[in-house]
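As recorded in Swiss-Prot:
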{"type": "ACT_SITE", "residues": "Cys54", "note": "active site"}
Amino acid sequence: MFWSKKPLDLPTPETALKGRPDAIPTARLHHVNQNPLKGPYPDGFRTAIFALGCFWGAERAFWRTPGVWVTAVGYLAGLTPNPTYEEVCSGRTGHTEGVLVVYDPAVISYADLVKLFFESHDPTQGMRQGNDVGTQYRSGIYTSDPQEKAVAEAVKASYEAALKAKGFGPITTEIIDGGPFYFAEDYHQQYLSKNPGGYCGLGGTGVSCPIGVGVAAQ
């Protein structure tokens, strides 16, 4: 079901859709590289999760990056268990459209992924990204430990200063533990590989994101 006007405030536990106990069916293998979306992942590899607007274009930005082993799109940082795409788009689940990134830290650092994240979209737009408006398009970095959070906060501070110098407003990116990651439907996985001419609303600010020496290798 779609609502004619999307709310721009997050739902409460009382107003959120109830969801379902079972996971939504999705693809088993990555459409581009045939690696397993849900694992097992190689020993020593790490995961990162980002939200930067419509996940179709966001996922492609990461799977094209050297050192990234597999990507998947899904929903997180919300309230409704096992939501569908239609439910997320209603604004009544509280989720973002996120990208799970599995990467080799010997090839690319977490800080470099955060840099790519910031440069790939406009993180100052609140509950929208370009023409895409709604709570599911908000910017987010979903960290799994204190070290990731510290790196994300440090890179955010550096980029916020760079953006301010170019006339942009404050960064609205949330940096939190996003809770469960619910894999999106098969149709959405690697969408722009399956549909090369498909919609991609991803667009950055044109401002380079600096990384301090202290966090560059993390």
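Keep in mind that glycine also has a Cβ here, set from the backbone N, Cα and C atoms.
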Completion exercise
In the three-state DSSP scheme, Cys54 (active site) belongs to coil
Fill in the blank from the handout: Sequence-ordered list of residues in the chain of Cys54 (active site) that lie 6 or more positions away and have a Cβ within less than 8 Å of its Cβ, or none, is Glu97, Gln129, Asp132, Tyr137, Tyr199, Cys200, Gly201, Leu202
